[in-house]
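Features of the protein shown, as given by TrEMBL:
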| type | residues | note |
| --- | --- | --- |
| COILED | 77-155 | coiled coil |
| REGION | 215-354 | region 'Disordered' |
| COMPBIAS | 215-240 | compositional bias 'Basic and acidic residues' |
| COMPBIAS | 241-300 | compositional bias 'Basic residues' |
| COMPBIAS | 301-334 | compositional bias 'Basic and acidic residues' |
| COMPBIAS | 344-354 | compositional bias 'Basic and acidic residues' |
Amino acid sequence: MQMGDETRQRVKFTDDRVCKSHLLDCCPHDILAGTRMDLGECTKIHDLALRADYEIASKERDLFFELDAMDHLESFIAECDRRTELAKKRLAETQEEISAEVSAKAEKVHELNEEIGKLLAKAEQLGAEGNVDESQKILMEVEKVRAKKKEAEEEYRNSMPASSFQQQKLRVCEVCSAYLGLHDNDRRLADHFGGKLHLGFIQIREKLDQLRKTVAEKQEKRNQDRLRRREEREREERLSRRSGSRTRDRRRSRSRDRRRRRSRSTSRERRKSSRSRSRDRHRRHRSRSRSHSRGHRRASRDRSAKYKFSRERTSREESWEHGRSERGAADWRLESSNGKMASRRSEEKEAGEI
C-alpha cells in the first residue's frame, strides 16, 4: 500500500502499519508483481523512504524485524506448499495409474527436464550479463543432460503401452506449484525455470532460509546476553551480600568495642565511686571518733571538776563543823559567812574554768 506525503510525515518505519518484509526487501507482493501469481497490493504500507530510514537505524541498533518478516514468508510458503499438494492430488485422480517402476522412470525424465531448464536459464542470464564464455560452458553441460534425457525417455517409452505414452504426463513444480509436461521442449522448460514466477519463488524461499538462520543466531545471542546479564546480576548480588555481611560484622565489632569501653568505663567509675565511698566512710568514722574522743575528754573534765568541787565542799563543811564546835556562835556565824563567800567565789571560779 502506497501512502501520500501527509501520511508519510506522520508514519515512521517502526509503525505496525508498515510492512516489515518490504523493509527487508522480501515481500512476496513486490517479488511476484507482474507474474501469473500476482498477489496485488499489500495491505500494509510500502515506501522506499521508510526502507532507507530502517537501513540507517538498523546499523546503530538491532530492531529484530527479521522475526516479523520470517513469520510473513513462512505463512506465504506454507500456503504455496498446500496448493502444490492439492495439485498433485488432482493429477493423481485424473491421470492413469502406472506401476512404481514406470513412475520412477517418468520421475527421472522430469528431473532431467528440470536440470535442463535451470541450466538454460543460467546460460541466458550469463549471456545477458556479457559473460559469454561461462554461458557457452553452461550450454555444453546442457547438451550432456539432453543426451541423458533422451536415454531416460527411451526407457520410459519402452516400459509403457503406446497408447498410454502418447498421453501427456504432467508434474507439479515443487518450487512454484506450476504444471510441467513430461514432453515439454527445451524452450518451454527454459521459459519456466528462467521465468520471473519460478525465480521469484526461489528468491522467497532462499530469503526465508536466510531469515530463519538470522533469527536463530540473534535469538542465541539474546539468550547468551540474557544469561550473561543474569550471571552478572547474581555476582553483584553475592558481592553485595558479602559486603553487607562484612559491614554488619564491622558494626557488630564496633558495637562490641563500644560495649567493652562502656563496661570498662563503668567499672572504673564504680571502682572510683567505691573508693570515694570508702574514703567518705573512713572520714566520717574518723570524725565520729574525734567527736567521741572530744566528748569523752570533756565529760571526763566535767566529772573531774565535779569530783574536785565535791571534795573541796566536803572538806570545807568538815572544817566548818569542826570550827563551830571549837569557837563560839559569833565566831561560827562569821566564819560561816566567810565560808559561804569563799565557797561562792570558788564555785564562780570553777564555773569560769568550765
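Glycine residues also receive a Cβ, built from the backbone N, Cα and C atoms like all the rest.
Within the same chain, residues 62, 64, 66-67, 70 sit at least 6 positions outside the compositional bias 'Basic and acidic residues' (215-240) and bring their C-beta atoms closer than 8 Å to a C-beta of that stretch. As a whole-number mean, the pLDDT of the coiled coil (77-155) in this prediction is 85.
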